Amino acid sequence: MRMCAPVRGLFLALVVVLRTAVAFAPVPRLTWEHGEVGLVQFHKPGIFNYSALLMSEDKDTLYVGAREAVFAVNALNISEKQHEVYWKVSEDKKSKCAEKGKSKQTECLNYIRVLQPLSSTSLYVCGTNAFQPTCDHLNLTSFKFLGKSEDGKGRCPFDPAHSYTSVMVGGELYSGTSYNFLGSEPIISRNSSHSPLRTEYAIPWLNEPSFVFADVIQKSPDGPEGEDDKVYFFFTEVSVEYEFVFKLMIPRVARVCKGDQGGLRTLQKKWTSFLKARLICSKPDSGLVFNILQDVFVLRAPGLKEPVFYAVFTPQLNNVGLSAVCAYTLATVEAVFSRGKYMQSATVEQSHTKWVRYNGPVPTPRPGACIDSEARAANYTSSLNLPDKTLQFVKDHPLMDDSVTPIDNRPKLIKKDVNYTQIVVDRTQALDGTFYDVMFISTDRGALHKAVILTKEVHVIEETQLFRDSEPVLTLLLSSKKGRKFVYAGSNSGVVQAPLAFCEKHGSCEDCVLARDPYCAWSPAIKACVTLHQEEASSRGWIQDMSGDTSSCLDKSKESFNQHFFKHGGTAELKCFQKSNLARVVWKFQNGELKAASPKYGFVGRKHLLIFNLSDGDSGVYQCLSEERVRNKTVSQLLAKHVLEVKMVPRTPPSPTSEDAQTEGSKITSKMPVASTQGSSPPTPALWATSPRAATLPPKSSSGTSCEPKMVINTVPQLHSEKTVYLKSSDNRLLMSLLLFIFVLFLCLFSYNCYKGYLPGQCLKFRSALLLGKKTPKSDFSDLEQSVKETLVEPGSFSQQNGDHPKPALDTGYETEQDTITSKVPTDREDSQRIDELSARDKPFDVKCELKFADSDADGD
């Protein structure tokens with residue numbers, strides 16, 4: 001039952017995912033829209049799917065592989081195109097592709113999928129080529145294809161929608177993709193002229209994999225003598241250990257040896273070193289499991305003892321948009337392959353488990369191990385010399401029982417409401433000498449998250465919208481060359497180049513420190529936030545604190561204020577701009593905090609302050625503060641200061657004679673203070689209204705606070721047209737016309753309701769009296785009376801069919817006037833006699849029913 005634990009964890013995750021998602025919400029501190037920061041773009045009209053990126057650090061050139069084209073652009077400014085070459089599909093191939101049921105407009109094209117360095121003067125390029133994958137060599141000098149047209153089967157996918165990955169190792173291409181047209185035969189292969197290898201076509205080896213990443217880890221100088229280089233493949237596949245009604249996906253890491261040459265008799269031209277293990281990325285305390293692998297990045301840095309794998313995961317049932325980042329050390333991965341237990345296929349009754357741990361003897365040399373000095377000492381100099389027993393064991397047991405666990409046994413980052421697609425990681429040194437890992441993670445909506453791994457937390461520094469449209473980022477590339485650090489992102493529409501930091505966007509020392517960006521520091525000398533490692537000046541005196549402590553920011557700049565004049569009874573809007581998503585905006589007036597619950601105040605966008613019904617008591621100084629909590633400490637900084645003065649505007653009645661002589665311009669000047677409700681200046685001559693200037697400074701207080709006045713540009717114009725504020729007396733005719741129209745409409749509706757009878761009973765009597773004189777109105781029970789008459793007449797009709805005479809209907813008491821004249825009034829005795837003469841079959845069905853069945857005749861019994 002131990003093997004069912006991962007599955008139980010997955011099902012538990014599916015149950016608690018909605019409950020636990022709320023807790024995983026690290027919000028980016030800053031959000032940059034597409035036009036707010038300096039981004040460089042490259043796009044060629046008519047070309048799409050920029051999914052292959054390759055950097056040449058020596059030449060400062062970025063190679064871009066797109067649909068039917070390859071470009072070379074300047075790595076420092078990708079908008080500068082250097083070279084281009086097109087690789088289009090012939091019409092004949094397009095027609096043959098369309099005959100196979102594929103789209104001629106979208107699928108039967110040449111999508112560049114492999115773009116790898118072959119030598120210093122050439123690139124190895126492969127494309128889907130209308131479902132006929134083809135590879136060629138691209139000469140970098142002439143930037144033209146050499147026309148080799150090699151078969152790309154097993155190196156490049158047939159379908160552009162199928163997964164793929166590749167890496168060039170020593171001039172040999174290692175790739176993971178599909179091997180046939182349908183994509184039903186997955187393969188991990190090595191393209192070599194002297195020793196090509198591939199995986200066994202068997203479900204235990206690869207079961208519907210989705211390839212994500214591949215890279216080579218060279219042997220360590222401190223490792224055992226004679227150790228071989230290893231190539232790692234990362235993918236997600238359908239589980240072979242468990243079987244359910246749905247396909248359970250499992251993330252894997254597989255390893256092959258560079259020196260593998262296949263077996264002599266068993267596993268000929270097949271990998272003899274292929275082993276795979278499960279990757280664990282889960283939160284133990286919540287049971288949340290992330291089992292869909294999206295991307296992997298290998299972090300290599302001089303300060304690291306060994307490479308670290310950073311991987312992006314999402315849950316299989318990701319209906320709430322959860323993503324996670326887990327990190328794995330190379331030693332942990334190698335320990336599973338070199339010392340871990342194997343699994344074997346078994347049938348367990350009444351269980352979903354299909355594979356269990358193998359506890360039997362393991363052959364020597366160890367199956368799946370690379371040829372090292374120990375194997376050579378035992379005369380196993382090559383995989384061709386390995387015994388069949390070892391090779392058969394590898395063929396039957398490619399899956400490891402032990403799993404690869406992440407660092408600290410938990411994800412580095414869990415983020416909700418986002419789907420991460422790609423990741424790159426940079427290791428940088430802060431001002432205090434500490435090294436930090438900074439992750440750049442792209443989303444399926446074209447955004448880039450930047451997060452730094454601190455001692456006890458992961459801080460999401462910022463979110464940058466790379467593309468105007470919310471399109472997924474297909475690939476990420478990091479250039480960490482000293483003095484030139486950029487992130488390149490490719491999507492379906494183009495490529496975007498972004499710097500690793502936007503330090504210049506932080507306008508104050510507090511804001512620069514609170515960003516907790518290891519790339520940024522505050523320079524008191526130039527009073528600006530600068531980028532580390534890119535400034536030639538000395539860093540002496542720079543301020544940076546990764547804990548967010550702003551106590552070192554002693555250089556307080558002079559505080560400026562905005563002065564406003566408003567009329568009594570109006571509404572004032574005081575603006576405050578705060579960029580941090582982690583900060584809370586607080587408004588203070590006379591050392592007291594203003595609350596939105598008060599009917600006196602309101603907030604626009606949780607930042608700007610609205611003051612209603614201004615009075616003399618509202619005059620004073622209003623301060624907008626930003627309170628941001630960092631590591632159980634609240635950091636407060638002043639964002640804006642407003643000096644508000646409320647004045648009573650005297651109303652002088654205009655002279656009747658002078659009012660007629662006034663021009664439209666004089667009216668505006670005299671009524672300007674009344675019309676100004678959003679922050680106009682006090683009443684001044686008309687010349688001042690046309691030439692606004694800075695407000696007069698108030699006298700300095702005894703507290704000694706240095707405040708520098710700031711010119712106020714009102715949010716509304718100083719001059720308003722009178723007709724936009726008041727309704728002229730000459731326009732009363734418009735109001736009277738409107739009222740008259742409403743009255744006529746009311747009369748029409750009333751007349752229509754009277755005609756249709758859609759009125760209460762009293763009104764109907766009044767209507768009848770007016771229209772019909774003394775005629776008695778029709779009773780409200782006329783419908784009921786008619787129903788009674790029809791009920792009493794119907795039996796007579798049936799009796800007439802049987803040859804009997806029809807019986808007269810009962811007297812209802814509502815005969816017409818002519819009927820009462822031509823007939824006499826019946827007595828009580830006659831009425832009772834007529835009722836007794838009614839036969840049983842003439843009575844209503846619901847009075848007396850002796851029928852056995854509803855559709856039978858009464859006389860048929």
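The backbone N, Cα and C atoms fix where each Cβ goes, and this holds for glycine too.
Here is what Swiss-Prot records for this protein:
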- 502-551: domain 'PSI' (DOMAIN)
- ASN49: N-linked glycosylation site (CARBOHYD)
- ASN77: N-linked glycosylation site (CARBOHYD)
- ASN139: N-linked glycosylation site (CARBOHYD)
- ASN191: N-linked glycosylation site (CARBOHYD)
- ASN379: N-linked glycosylation site (CARBOHYD)
- ASN419: N-linked glycosylation site (CARBOHYD)
- ASN613: N-linked glycosylation site (CARBOHYD)
- ASN632: N-linked glycosylation site (CARBOHYD)
- 649-709: region 'Disordered' (REGION)
- 793-839: region 'Disordered' (REGION)
- 1-23: signal peptide (SIGNAL)
- 755-861: topological domain 'Cytoplasmic' (TOPO_DOM)
Spatial neighbour of ASN49 (N-linked glycosylation site) that is closest, considering only the glycosylation sites ASN77, ASN139, ASN191, ASN613 and their CA atoms: ASN77
The domain 'PSI' (502-551) - residue tally per DSSP class, helix then strand then coil: 9 helix, 9 strand, 32 coil
ASN191 (N-linked glycosylation site) and ASN77 (N-linked glycosylation site), distance between Cα atoms, whole Å: 35
Tertiary neighbours of ASN419 (N-linked glycosylation site) (same chain, Cβ under 8 Å, six or more apart): THR314, ASN318, GLY321, SER323, THR443, ASP444, ARG445
ASN379 (N-linked glycosylation site) and ASN632 (N-linked glycosylation site), Cα-Cα, nearest whole angstrom: 63
Local confidence of the prediction over the topological domain 'Cytoplasmic' (755-861), expressed as mean pLDDT: 50
Position of peak Cβ density within 10 Å, selected from the glycosylation sites ASN139, ASN191, ASN379, ASN632: ASN191
Packing count at ASN77 (N-linked glycosylation site) (other Cβ atoms within 10 Å of its Cβ): 12
Between ASN139 (N-linked glycosylation site) and ASN191 (N-linked glycosylation site), the C-alpha gap once rounded to whole angstrom: 20
Where ASN191 (N-linked glycosylation site) falls in three-state DSSP terms: strand
DSSP state at ASN139 (N-linked glycosylation site), helix/strand/coil: strand
Cβ-based isolation winner (fewest other Cβ atoms within 10 Å) among the glycosylation sites ASN49, ASN613: ASN613
